[in-house]
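Taken straight from Swiss-Prot:
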type: BINDING; residues: Cys76, His79, Cys147; note: Zn(2+) binding site
Amino acid sequence: MIDKDKIREGMKLILEAIGEDINREGLIETPDRIARMYEEIFSGIGMNAKEHLSKTFEVHSNDLVLEKDITFYSMCEHHLVPFYGKVHIAYIPNGRVVGLSKLARCVEVYSKKPQLQERLTTEIADSIMEYLDAQGVMVVVEGEHMCMTMRGVRKPGAKTVTTTYRGKFLEDESLKNDVFRMISM
């Protein structure tokens, strides 16, 4: 549970610490706005994707399923600034599939907390393997990190790409290549 009162007080302290007047017209409501925003963007804390991935549908095919270009927004746990991009999820069902929107909800659960892109990638893959009992999962995440864009090295447009493979994707190079080809279509 997010403690909005602590966030408000902390935000006031930060504004004062950087030399701002917390009673200035444009800043008076900022601590409250930040508290409400944090409640939304950190809503994945303490959650897992089980509730979204538990309702499945029988299929008579074990062919590859790919949901690509799922937009995500998250907060870098090192600097608490945004990183955002696209997630591509491929899985091989084991007789059961999940509604496609549930894959996007899975991404939401794990992206809405202080996060590392590497961990985001593996948490998505592990949850799909576990809750869908998939034969294999491949997750590719492309992200732009504001901690590299607006501070430090200041390299706007630089993308970080992370991948992880589970099950059949560990064994079959041509399967991975098929997914990369479909992602680039």
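Glycine too: its Cβ is placed from the backbone N, Cα and C atoms.
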Additional residues surrounding Zn(2+), by Cβ distance to the Cys76, His79, Cys147 centre under 8 Å: Met75, Glu77, His78, Leu80, Val81, Phe83, His145, Met146, Met148, Arg151
Lowest local Cβ density (other Cβ within 10 Å) among binding-site residues: Cys76, Cys147: Cys147
Where His79 (Zn(2+) binding site) sits in the secondary structure, as DSSP reduces it to three classes: coil
Where Cys147 (Zn(2+) binding site) sits in the secondary structure, as DSSP reduces it to three classes: helix
For His79 (Zn(2+) binding site): intrachain residues, at least 6 apart, with Cβ closer than 8 Å: Met146, Cys147, Arg151
